[in-house]
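What follows is a set of notes on a single structure, which appears directly below.
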C-alpha cells in the first residue's frame, strides 16, 4: 500500500514541498530565513486579525481604540507589541534573506528572484499602511509626506494624490482605505510567497558553493525541518525579549501623541526599516529625482542578474567581490543611520555620498570586480 502522503491530492503537495523535497546537503543557516519569513507572516496575520477585532478605522476613535487594546483587552498589549515588533523581525529576516541571495548568487533563478522583489515591495507597502493606523503624530505626518511624493509625477501627480487621499488631505477616507488595504495585502503576500516557492521548487535550492548539487541531495524532513525549528526558536526568543523588555525601542515616541494636522513634528521619519530608502530620497534636492531614486533603490534588485559578470555563481570563492559586498552592507547601515538624522550638515553630505556609493557599487563596481576576478583566474 502506498503511503497516503504520496497519493492524497492535498498531502501530495505538502509532501513534495516540505517532506520528500530533495535539498542540497550543504546549505547553511543563511537558508533558514525563508521559513522564518513564513512564520513571521503567519504570526503577523494572526496578531493582526485579533487587533482588527478591537480596532476602529475612524479618525475620531482610531487612537483611542489602540489605547483600549493596550489597557482593557486581555493580553491586548502583548498582541499589539508582538504585531509592531513582529514587523521589525519580518524586515530583519527579509534583509538577511535578500543579502543571502545577493551573496550566493541565488538571483540567477530569475522567476524566484523577481517574485521575491515583488514580495519585498508588497511587504513594504503593507508595513507603511500599518504604521498609519494607530493615528498618532508620526502616523499622520508619515502618511502625508509619503503619499505627497506621488505629486511629483508629471501631469497626473496632484490628481493621483487627491484620489489616494479620498479628499484634499489625509483624513477619515484615507485611514479607512489604508485599513482595508493593510488587511488584504498580507493575504496577497501569502499567495505570492506560494508562487515564490513554486518557482523555487522547479529548480531546487541554491547552495553556498554555487555549484550544481544534484549529485548530493538529502530529504528536507527530518534534516531541514529540525534545522528550521531551531531557527524559529531563536527568532521567537529574540522577538519575545524585544516585546517583553523593550517594546518601544524601535518605535517613535511621537506616535504616543494623537494625530494633529495643525502641529508638525520637528523630525518626520519612518520606521527604522525604511530609513535607508528615506535617506536616498532626501539626498536628492529635486522632488521627482528623489522619488525616482527611492523607487530605483529597490527596483535595482531586479536588474542584478543582468549585472552578473562573474564566471562563478556564488561569492564563496571570490574575495574581492566579498569585500565589495560588505562595503555595500556598511553603506546601507550608514544610510539607515542618516535617514534618522535631521536634515543639516554634515548628515546631508554623508547621505548624498552614501547614496552615490550605493548605486555605484551595484551598477559598476561589482560587475567590474567580477570581471577582474575572472581575469585573475585566467578564466
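Cβ atoms are placed via backbone N, Cα and C, with glycine included.
What Swiss-Prot records for 83, 182 is heme b b562 binding site, and it gives similarity to another entry as the kind of evidence. Summarising the annotation, Swiss-Prot assigns heme b b566 binding site to 97, 196. Look at Swiss-Prot and you will find 201 tagged as ubiquinone binding site. Annotation comment: Swiss-Prot describes 33-53, 77-98, 113-133, 178-198, 226-246, 288-308, 320-340, 347-367 as transmembrane segment.
Taking residue pairs at least 6 apart in sequence, the transmembrane segment (320-340) and the transmembrane segment (77-98) share fewer than three C-beta contacts under 8 angstroms. When the Cα of residue 201 (ubiquinone binding site) is compared against those of the binding-site residues 83, 97, 182, the shortest separation belongs to 97. Among residues of the same chain six or more beyond the transmembrane segment (113-133), those with a C-beta under 8 A of the stretch's C-beta atoms are 48, 55, 57, 62, 66, 87, 90-91, 94, 97-98, 101, 106-107, 139-140, 142-143, 146, 174-175, 178-179, 181-182, 185-186, 188-189, 192-193, 195-196, 199, 270-271, 273-274, 298-299, 301-302, 304-305.
Proximity of residue 83 (heme b b562 binding site) to non-local residues of its own chain (separation of 6 or more, Cβ distance below 8 Å) is seen for 44, 47, 48, 51, given in sequence order. In this structure, residue 201 (ubiquinone binding site) is part of a helix by DSSP.
Sequence-distant contacts of the transmembrane segment (288-308) (same chain, at least 6 residues past either end, Cβ-Cβ under 8 Å): 98, 102, 105, 107-108, 110, 113-114, 117, 120-121, 124, 149-150, 152-154, 276-278, 280-282, 355, 358-359, 362-363, 366-367, 370.
With respect to their backbone Cα atoms, residue 97 (heme b b566 binding site) and residue 182 (heme b b562 binding site) stand 23 Å from each other. Sequence-distant contacts (6 or more apart, same chain, Cβ under 8 Å) of residue 196 (heme b b566 binding site) comprise 112, 115, 116, 119.
Sequence-distant neighbours of residue 182 (heme b b562 binding site) (same chain, 6+ residues apart, CB-CB distance under 8 A): 48, 126, 129, 130, 133. Against the transmembrane segment (226-246), the recorded stretches 33-53, 178-198, 347-367 differ in Cβ pairs under 8 Å, and the greatest number is found for 33-53.
Between the transmembrane segment (178-198) and the transmembrane segment (33-53), the number of CB pairs under 8 angstroms, six or more residues apart, is three or more, so the stretches are in contact. Cβ neighbours within 10 Å of residue 97 (heme b b566 binding site), excluding its own Cβ and spanning all shown chains: 20. Counting residues 6+ beyond its ends, the transmembrane segment (33-53) has Cβ neighbours under 8 Å at 69, 79-80, 82-83, 86-87, 89-90, 93-94, 96-97, 100, 130, 182-183, 186-187, 189-190, 193, 228, 231-232, 235-236 in the same chain.
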